[in-house]
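Listed in TrEMBL:
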- B:28-46: transmembrane segment (TRANSMEM)
- B:53-73: transmembrane segment (TRANSMEM)
- B:93-112: transmembrane segment (TRANSMEM)
- B:124-146: transmembrane segment (TRANSMEM)
- B:166-183: transmembrane segment (TRANSMEM)
- B:227-243: transmembrane segment (TRANSMEM)
- B:250-269: transmembrane segment (TRANSMEM)
- B:336-357: transmembrane segment (TRANSMEM)
- B:369-390: transmembrane segment (TRANSMEM)
- B:402-423: transmembrane segment (TRANSMEM)
- B:431-455: region 'Disordered' (REGION)
Amino acid sequence: MNTPLRRVGMAMMVMIVLLLGNATWVQVINADEWRKNPYNKRVLLDEYARKRGLITVADGTVIADVKETTDRLRYLRTYNNGPVYAPVTGYLSVTYGTSGMERAENDLLNGSDDRLFARRVSALITGRDPVGGNVQLTLDSKVQQVAYDQLTAKGFTGSVVAIKPSTGEILAMVSTPSYDPNRLASHDGNEQQAAWKELTAKGNGNPLINRATQGLYPPGSTYKVVVAAAALADGKGKDTQYTAAGTINLPGTSNAPFPNFNGQPCGPGQTVSMETALAKSCNTAFGEMAAQVGKSKLTAQSNKFGFNDSDLKVPLSVETSTLGAIQDEAALYQSGIGQRDVRVTPLQNAMIAATIANGGKRMQPYLVSKVLGPDLKPIDETDPDELDTAMTTANAGVLRDMMIQSEINTGGEGRLANIQVASKTGTAEHGENVSQNKPHAWYIAFAPAQKPEIAIAVIVEDGGDRGLGATGGKVAAPIGRAVMNAYLAGR
Amino acid sequence: MLAFAAGLVTLALILVELNQERSLSLRIIYLGLAYLGLFACAHLAVRRWAPYADPAILPCVALLNGLGLVVIHRIDLAMEGTVFPDGSTWDPVAFKQVIWTAIGLLLFAATLKFLPDHRTLARFGYTFGLAGLVALMLPGVLPGFIAPEINGAKIWLRVGPLSIQPGEFAKILLMVFFAAFLVSKRDLFTTAGRRFLGMDLPRARDLGPLFAAWGVAVAVMVLQKDLGSSLLFFGIVLVLLYVATERAAWVVLGVGLFSGGAVIAWKLFTHVQQRVANWQDPIARYDVLGGGYQISQSLFGLATGGIGGAGLGAGRPEMIPEANTDFITAVIGEELGFVGFGALLLIYMVFALRGLRGAISVRDSFGKLLGGGLAFAVCFQVFIVVGGVTKLIPMTGITAPFLSYGGSSLLANYILVALLLRISAAARAPQRAPKPKPQQPAIADQHTVMVERPK
C-alpha cells in the first residue's frame, strides 16, 4: 500500500505546486492587469488614504487642507472658502473622481510624483507613510475674493480671470455659480451622492464647470483689439481712416445689414480713424478693417495671441479658442467684430489683455508658483515663460493708447481714481435668435496703463441684471474695475 | 516550534491592530497569552496521550488556526459598523471563533485520550458509515426551517442559535467507514476483471461501492447545491480506493464518472453554469447577480497585494463578500502578498505530507488507509478552495481548513488532526521489545539439520 500512498503524496505536492504557480501568475506576472482593472478600487482607495498635500494661495493661506479622521479613508479633504476657489482647486471625491487642480497636480498631491522620489524612498526606509507634496498657487486671495463677491453679489453667471502681464501669473480665476467641494469630498457616500445630484441637475447652471477655462463664448467687440493689432502689424496706424457708416450691407449680399450698435454712424464725416472706431466700438469700421487685413493675417495674429493652441495648460486644461471657418468675406466682416464662429475662453481674453499690456510679449499663464515638499521645503518653482511675440512693442503701445481712449469712452460705474486704465468692452450676441437672446457682457482691461500690473477679462453671461439692454460697459466693466482696484490699492 | 507559531500569530495580531486602530492595547497581550496557553494545553495533551506523535503537525495547525483568528478579527474590524441592505449590522465573529477553537482543542484532547489506538475505529466502520451518510444527506432532505438555504447551498442545520454543517463531520465518518470497509474487503477489489487497454478492469459487481459514492456525490450536488463538498467527497473515495487496491483503473473510471456527472450537472443546473461562467470570465459577469463580482474582487485583492502584500490590516477585505469563510485565503494573499500566500500553502503542504508520512510508516492497513485519506482530504480541500479563489478552477464554495470562520469546520478538522496524530504516534512508537527468544542450546548441542541453499 505504500507505493500508492507515495503516489498520492506526489499528487498532493503537484496540487500545491499548481496553486503556487497560479498564485505566481495572478499575483506577480499578470498582476498589473488585475490591479489596473477599472473595477478595482483598491489602488484608488489607497491613494485617498494617504495624507494628501495642501493647496495654498500666494500668501500661504491654505485653501485645500487635510484632516485626520477615524474612518477607513483616514484623511478627509477639506476646502476653506470652498466656493471662491472651487473652480481652481476642483474636488476630490471617492465616488466621482477629481477635477481642477486636484486632478492636474494629482501625482504631486498624492505623493507619487517623481519629484518626491527621494522623500518616498526615505519614507519607505523609515516606515512612515508616504505623504503628498504641497502646491502653492499664484492666486491673490484678495483679488480672488473681490472677483467672486462682485460676480455673486448680483447673482451673475460668469467668470473673471486676472493675470499679471509681466509674468503670466494668474492672480484670480473665478467662475460662478460655484459650489462647495467639501460636500463632494465627504466620506459619507450618501452626502456625496446628494451633492452630485444637486450640482449636476438641469437648471442649476452647471456649477461644476470652470467657465474661466472651459467656457467658450463669442468675444464680441473685445476681439476688435486683435483685429486692430493685425491692422497695425499690416502697416496701418491709429489715424488710418475707415468707414463711418451706421449700417452697411454685408459683401456678397443685397439685403443683409451689418450695423453699428443701435445703427448710429461712427462720426460726423464719411470716415473715422482707427482710434475713434475702437473707442466707439464701430462695427462697420472693424468689419472693413478685418476684410482689408484678410483671413490669413487675421488668423496668424489670433494664433499669436493664443488661439488654436490646443496644448495650453495652466496646468488646468484649457478649451481651445478658435476663429471658425470664415468661408466668405461676409463671415470675415462678422468675425472682425468677434461674432459669427469666433469663440474664446475668459482665460484667452485675459491673455490678450495681458499680452498687449506686456508690450506684445505673450507669457505662459500659470497657476502653480511653487511645489513644496511635505516638509514645506521648495522642490520646484515655476519660472515665467515667454510663449510668443504677438506685437512689436511700438504697436502694443499704440494699441494701449487706443484702449485708454476706449476706457474714457466707456460708461459704467466704479471708475478708478488716479489710475489710468486701458480697456475694451464687448456685448456679444449669441444663439439663434439674436434679438431675443440677452447678450453676454465682456470687459477686458489692464492697469495702470503705462506700467501694467494686472490684466483682466470679465464675462457676465446673458446680460447679468440688465437683460436685453446690457452692455459690456454697464455690466462687466464695474466688476473688472473693482477687481483691478483691489489688486492695485494694496500696493 | 509551538512558541514560534504563537510568536508569529501575536506579531500578526499586533500588526493588524496597528494598521486598523492605530493604537495598541493590553488586549493583545492577553489574546496572545490565551492563544499560547490553549496550544500549550494541546501540546501537553499530545505529550500525555500520544507521546510519539509527529512533532511538526500541531505547530502547523496552531499557526494556521492562529492566522485564521487574526484575519477573522481583522475582517471584523473592517466590517465594523457595516449595515447590510436588510438593516442588520455586522456581527463580530472573532470571539466566537476563539470559543470554537477552545472547544475544538477540547475535542482534540478528548479524541487523543479516549482513542488510544486508531484500530478501534475500524470495528465501528459500518456504524460510522451510516452516521456519516445520514449526516451528509440530512440538510439536503430536511425541510427549509431547520435546513435553510444559505448563499444557495443547503448544507446547514439550524438548531436554536447554532448552525451546524453536518457535512464536515460526515467527511471524517465516511472516511473511517471506507477505510474499514476497504481493508476488510480488500481482496475482493483486487480480483482482476477483464483486461482492457492495458489496465485491469475491476469486475462489474465490484463497482458497486464506487457507484454508490458517485451517487452520493451527485445527490449532494443536486440536493444541497454544494459543489465543493461533492468534489471533495468523491476525490477522497477515489483516493481510498486507489490506495487500497493499487489499481489506477479505479482512478480512471472514477474521474470519468465524475466528469460525466459534472457535464450533465452543468447542462441541467443553472447554479453550476453560473460558477463555470464566472470562472471563465469574471469581469464580463461583474455586474450580474450571482456573477463574477466576488471572484473579481478576490483577484483584484490578490493582484493588488502583489509580491510583498499590502501589509496585515492594510488591505481591503471588506470588498470581498464572504471574506472570512470561503475567501479568507484571498484576504491573506492580499495582505501578506505572494510571499505570505506561498508560505501558507507550504504550511498546508508540510502539514498534509507529515500526516501522509505517518500513514506510510504505520504498520496496519487500516491506519495507512485512514491516514492517507485524512492527509489527502486536507490537501484536496485546500486545492479546491484556493484553486477557486485564485481562478484555477471554478469556485465551488468550501472552507479553508483551520482558517475559515465556522465552528463545524474547525471542530471536524481538529478531530482529523487528532486522528492523524494518533496514527503518526502509532507509526513512530518504538517497537515493543521482541519477546525474548527461547534460550538456544549451545552450538555444539544442536542437531545437524538440512539447510536450504541461499538463493
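Backbone N, Cα and C atoms are what each Cβ position is placed from, and that goes for glycine too.
The listed stretches are B:124-146, B:166-183, B:227-243, B:369-390; of these, B:227-243 has the most Cβ pairs under 8 Å to the transmembrane segment (B:250-269).
If you look at the transmembrane segment (B:336-357) against the transmembrane segment (B:166-183), you find fewer than three C-beta pairs under 8 angstroms, all six or more positions apart, and that falls short of contact. Within the same chain, residues 154-159, 165-167, 169-174, 176-181, 184, 216, 219-220, 223-224, 233 sit at least 6 positions outside the transmembrane segment (B:124-146) and bring their C-beta atoms closer than 8 Å to a C-beta of that stretch.
Remark: the transmembrane segment (B:53-73) contacts the transmembrane segment (B:402-423), by the rule of 3 or more CB pairs under 8 A. Of the two recorded stretches, the transmembrane segment (B:93-112) lies close to the transmembrane segment (B:402-423), with three or more CB pairs under 8 Å once pairs fewer than 6 apart in sequence are set aside.
The transmembrane segment (B:166-183) makes no contact with the transmembrane segment (B:28-46): fewer than 3 of their CB pairs lie within 8 A, with pairs spaced 6 or more apart in sequence.
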